[in-house]
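Novice: Below are the C-alpha cells for one structure; questions will follow.
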Amino acid sequence: MSQEKKVFKTEWAGRSLTIETGQLAKQANGAVLVRYGDTVVLSTATASKEPRDGDFFPLTVNYEEKMYAAGKIPGGFKKREGRPGDDATLTARLIDRPIRPLFPKGYKHDVQIMNMVLSADPDCSPQMAAMIGSSMALSVSDIPFQGPIAGVNVGYIDGKYIINPTVEEKEVSRLDLEVAGHKDAVNMVEAGASEITEQEMLEAIFFGHEEIQRLVDFQQQIVDHIQPVKQEFIPTERDEALVERVKSLTEEKGLKETVLTFDKQQRDENLDNLKEEIVNEFIDEEDPENELLIKEVYAILNELVKEEVRRLIADEKIRPDGRKPDEIRPLDSEVGILPRTHGSGLFTRGQTQALSVLTLGALGDYQLIDGLGPEEEKRFMHHYNFPNFSVGETGPVRAPGRREIGHGALGERALKYIIPDTADFPYTIRIVSEVLESNGSSSQASICGSTLALMDAGVPIKAPVAGIAMGLVTREDSYTILTDIQGMEDALGDMDFKVAGTKEGITAIQMDIKIDGLTREIIEEALEQARRGRLEIMNHMLQTIDQPRTELSAYAPKVVTMTIKPDKIRDVIGPGGKKINEIIDETGVKLDIEQDGTIFIGAVDQAMINRAREIIEEITREAEVGQTYQATVKRIEKYGAFVGLFPGKDALLHISQISKNRIEKVEDVLKIGDTIEVKITEIDKQGRVNASHRALEE
C-alpha cells in the first residue's frame, strides 16, 4: 500500500465524502479513512501470509462502534466497550455479504476487515461509510479482490426515493433499504418496509444501484491513481484424470438417484455412504496414509454432488426432494399449544419447524438501546434460537452467534410494521422463535410462527405476515428460480432471497448471493414468484387462525391507561420516587408514566390495578368550584379554619363563611377533627381554595 498520504473527494447524497490513504494503519495490507459529513470510519484489510486448510473462504468482517465517536462514556463497571452489540453485529454481516462473492474462487488466506467508527454523525450513516471503507481498503491493498463495491441506504417518502435519508426522514419513510453491488449488478439487498409493493421495491433497488455505480466509479479512479500491486493467486488445478475416474464411479454407483432422496436425513446418509464407498476404492489401491489423495477425492466428490444438484434443477427441473421449481413443501400450523404462555404458534414447512412463543410485559419492560445515536426504547423484540438438535447434531451450547442475531433481527424487521401503537396496545412484546427442525428457510418459518403467536395472544396486529425464501441456479445462458428452498439448495445454489410481507405488500427482504450479481430481470421474477408463494402460505396460516383472539391470556398482565395533568406527575412520583415506590409496594403493579401525563398500570390481578388507580386518583384529585365536599377541620385560626377536602388538598373556610349567623370565635362552633360539608367558591391564581358552609345554608 502507498505510504504517502492521498486525499480524494466527492459528494454523496448532498454531503461531502472524503477517502484518505497512506497515513493511518500502514502495516495493514490496506487501510483508508472515510469521512462522510462528520462521520469518520477507519477501515483496514489484512490477509494471512499462508492459506488455510479447508473448503471454505476464511473471511471475517468486524464493525466496532467506539462510544467516544458520539461523545459518550460506556456504561457498566469497567467503563469500556465490550463485545459488539446486535446493531454492530448486523452491520458486520451487511458488509460481509456483498464482499464475499468477489474474492477469487479457491482463495483460502485468512482475510480480516476491521471497521472502527471514530466519529458518528447520525445523519451520515457510519454503516454505509464502513461498507465503502471496506471496499476501498481491499481495493488499495495487495489482496486479490474483484471490486470495488458500494452500498447506499434508500428511503421512500411521498412517492419519492431518497438516497441516505436523515434520521428525521427515516421516521416518516415507508422503506428502509440497504442495497449494495458493483458497477454491473446488485449483489446484496436488505430492507424493512411498510407494505411496499414488489414494483416499488424493484424500483428502489435499482434507484439505489444508480448511485452505487457513481460511487464505484469514484473508487475505481482512486485505485487507478494508486495502482496497487496485487498478490499473484493461481488456483490449484485438479488432476483431470482423477476427476474423470471419480466421476465415472459416481455415475456407476448412482449419484443421481442418491441426490433424489426426498428425506433430508436419509439423503445425507446415502451421500455419506456413496462418498465412503468411492474413497475406499482409492484407499485399496494407494497408501492408506495418503491423506492428500483422500482429501482431493472428497473435494472432487463434493464438487460433483454440487454439479449434479444444479444440473437436475436447471436441465431436468427436478429438485432433490422431487418438487417443481415453484412448489412449496407441505405446510402445518398450530396455535395455543403452550397453556401457560401468553401466546404460541407452531409452524412446520417440510422438515423445517419453528415454535414461536410470545410474552406480554408492561411498557417498562422495554429494551434500552444505547448506541452511537440517542437512547432508544424498544418495545417489540424477536429472538431466534437454533439449537444443535434441530439438524440432528451435537455440540457446545453457546450464546447466540451472528447468524442467530441476524435471523432474529430479520424477523423483527418483518413484523414490527404490523405491531399496534402504544396507544392501541400498551404492552411490551417479546417473541422467541425456537427452531426445532431445520432443512432451510428457518428464519422465514420463525416469521410465520411469530404471526401465529401474535394472533393467538390477542395482539391486534394490522395484518398477518408470512415469509418465504427463494433460490437460484444459473447456467451460462439460463436460470431457474426456486420457491421455498431447502438446505441443499441454499448451500449449493446461487441465491438465498428471503421475502416477508402481508397480502398487500413486502415488510422485509434479505438477499445473499454467491455469484457476482443479479440482473433486474432475475430480481423482478424472484419478487413475483415470492409473492405468489407468500400468499399460498398466508392462506394456509389463516385456516388455522384467521384473526387475533378477542381476549388476552388469563396469565398475561392487564394494562389500564389513565391520564393526569402533567404538572401532577411530580406528585405521583414524590420526592426521590418515594410516592411511586409506595404505590408499587402496596399494590404490586408496574407503573409507567409518560411526559404528557399518560399512566400505564400493569398487573395480572385487576384488583391490584384498581387499587393503584384509586391511590393515583386521590393524589392527583383537584378541587372544583361549585363542588361540595365532606371536609375535616385540620387547623383553626382567628380568621377561619383550614379544612381538608381530600388527601393533599386543603381549603380556607373563612369565619364569615361558616354560618349565616354571626360568629365571634371559630372555636365556638368548630374544633379540630370535626367534619363539615363545604362548597368550593373560589380557586385563585396561586391555586389557593376558598370554601363556604354558609352557601349551603342559604
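Note: Cβ is positioned from N, Cα and C throughout, glycine not excepted.
Grabbed the feature section from Swiss-Prot, which reads as follows:
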type	residues	note
BINDING	D490, D496	Mg(2+) binding site
DOMAIN	557-616	domain 'KH'
DOMAIN	626-694	domain 'S1 motif'
Novice: With an 8 Å cut-off on Cβ-Cβ distance and a minimum sequence separation of at least 6, pull the same-chain contacts of D496 (Mg(2+) binding site), or say none.
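Specialist: Looking at Cβ-Cβ distances below 8 Å from D496 (Mg(2+) binding site), excluding near sequence neighbours, one finds A469, M470, G471, I485, D490, Q510, M511, D512, I513.
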Novice: What three-state class does DSSP give D490 (Mg(2+) binding site)?
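Specialist: DSSP assigns D490 (Mg(2+) binding site) to helix.
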Novice: Need one number: mean pLDDT over the domain 'KH' (557-616).
Specialist: 90
Novice: On the DSSP side of things, how many residues of the domain 'S1 motif' (626-694) fall into helix, strand and coil, could you say?
Specialist: 7 helix, 36 strand, 26 coil
Novice: What three-state class does DSSP give D496 (Mg(2+) binding site)?
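Specialist: Looking at the DSSP assignment, D496 (Mg(2+) binding site) belongs to a strand.
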Novice: CB neighbours of D490 (Mg(2+) binding site) within 10 A?
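Specialist: There are 18 of them.
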Novice: Could you give the number of helix, strand and coil residues in the domain 'KH' (557-616) as assigned by DSSP?
Specialist: 32 helix, 16 strand, 12 coil
